[in-house]
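S.K.: So Swiss-Prot lists these for the protein:
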BINDING   81, 123, 124, 491  Mg(2+) binding site
BINDING   122, 195  [2Fe-2S] cluster binding site
MOD_RES   124  N6-carboxylysine
ACT_SITE  517  active site, proton acceptor
């Protein structure tokens, strides 16, 4: 019998008490010879992306049992960023990532589980689970709940696709009729699943494919489609195979750190840049890499952003395409195949299927595959019926989107730009870098100069926008919203969406040491590092200061002399205990958030905790 981790609690006379407790959960003596596989679920009725996961843990557990393993399910917390948005609840979102990772470590190590299968979906849950996977480095597969279908409404007798961002945008527009706002509210999120655009949740689920830790189709196959059930069944069977191979044959090739290597992280970031994904993915990939002791930094991201083309625009960067359309065009595998054609990928990396990337693309690229089952899977589309139940429909597109000139995925020859949809800027405001989603910035705004209008909280900035105090040419500065200063690094979806509803999104810039929702577009620059609370120079900006932003040259610059900058630093330090703190902000910070703030590092380090011993 192989030496499973779980033998610590299942073998030997001295473990009679532990075995007695295991038996009380339904295990038998025969089960003690099998691998114990943790089914790490994240079901909650608070989140549409997780509302349908309750029974999916049971589905996977049954497959594990049939394949010769013992499944033991537990749950993590899951916060809905959309519901937590716009109030103090958003302070808790990013810190929950660390709690999720820690809770998984606690459960896995306390009970000596042999492997795990992670059922994730939304914003901080997938990153938290990935952090745990790299930290623990035991056999692991990711399977997500899948994206929801896009909403559809008719305006002027024409059907248009909508999503959550439309509900926020139209409700903030004083010119929108109440009936229209109500219609959009009722139609924006029609089914279970992660929101239908390429926001943080779907970006991260796509990246699990690129990292090699999930099955092809995981990031794009709709939650409502019957084909997604096949992914769950396949994942449940595969985790047992991988686990037994590791413990019986000492095959370490499919352990998380050997799959998600430095080369895999570079591939994942290249995918993210090519599809113009959420800027949050940068934050999370840095944190996940750190857990695996993988050398992956902002410098790598900066280098990739200058050579990886922008090949795909999905909502919120497009009003035409949503995740269902990305899937029809070949999804993650289709986009990776385009990057592979121009030699921008590391091909000799493995995935949970035990295949290298080149072989995987030969099988799953819709432009070249001969496999009818693969073609059929990528034809899986939306049915257009409201539901919170998964696997309820089997609609298929009449044909695939293979148009690489004007379709959802473009070839290099027809790229939106030769450098990608994300960029890292540096300058005296952000010595350690900051992030902008160029996919959401119009060409006219790639170079922008404006005067600062400074706020020390998101709430004050929102109030100023809604009261009409923001003018064309302003650079809105929202500081003390970083990991430490917030604390919790709030998302700035409401300020950016309100700017859009006021018609100012292409005439202003917004810079912050906070972060942005994956639904953000416009000239929105976040993750400024060091943050204000860590003595970053964003704390020194004054109203009316001139700020220069040059995305092609990767520069963000406060237009003052170096002598003036040094003087401002000196004056700030004279404030003693009040230096580098928000002076006028009133905000309750709970003990739990204070603990996170005490350990939190700036965004260029992934906003992870620096544990001091």
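Note that Cβ sites are derived from N, Cα and C of the backbone, with glycine treated the same way.
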S.K.: For residue 123 (Mg(2+) binding site), which of the three DSSP-derived states applies: helix, strand, or coil?
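M.R.: DSSP call for residue 123 (Mg(2+) binding site): coil, neither helix nor strand.
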S.K.: Are any of 122, 195, 517 (the recorded positions) within 10 Å of residue 81 (Mg(2+) binding site) when you go C-alpha to C-alpha, and if so which?
M.R.: 122, 517
S.K.: Work out how many Å separate residue 491 (Mg(2+) binding site) and residue 195 ([2Fe-2S] cluster binding site) at their Cα atoms, rounded off.
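M.R.: Cα-Cα distance, residue 491 (Mg(2+) binding site) to residue 195 ([2Fe-2S] cluster binding site): 16 Å.
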S.K.: List the other residues in this chain whose Cβ sits within 8 Å of the Cβ centroid of the Mg(2+) site residues 81, 123, 124, 491, in sequence order.
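M.R.: Neighbours found: 79, 84, 90, 93, 94, 122, 200, 201, 280, 517.
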S.K.: Among the binding-site residues listed here (123, 124, 195), which has the Cα closest to the Cα of the residue listed as 'active site, proton acceptor'?
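M.R.: Of all the candidates listed, 123 is nearest in space.
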S.K.: In whole Å, how far is residue 195 ([2Fe-2S] cluster binding site) from residue 123 (Mg(2+) binding site) when you measure between their Cα atoms?
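M.R.: Residue 195 ([2Fe-2S] cluster binding site) has its Cα 10 Å from the Cα of residue 123 (Mg(2+) binding site).
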S.K.: Across all protein chains in the structure, which of the binding-site residues 122, 195 has the highest Cβ count within 10 Å?
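M.R.: The most densely surrounded of these binding-site residues is 195.
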S.K.: Within 10 Å of each Cβ, count the other Cβ atoms, then let me know which of the binding-site residues 81, 123, 491 comes out lowest.
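M.R.: Output over binding-site residues 81, 123, 491: least Cβ neighbours within 10 Å is 81.
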S.K.: For residue 124 (Mg(2+) binding site), what residues in its own chain, 6 or more apart in sequence, show a Cβ-Cβ distance under 8 Å?
M.R.: 78, 79, 81, 93, 94, 96, 97, 100
S.K.: Looking only at Cβ atoms, how many others are within 10 Å of the one on residue 517 (active site, proton acceptor)?
M.R.: 28
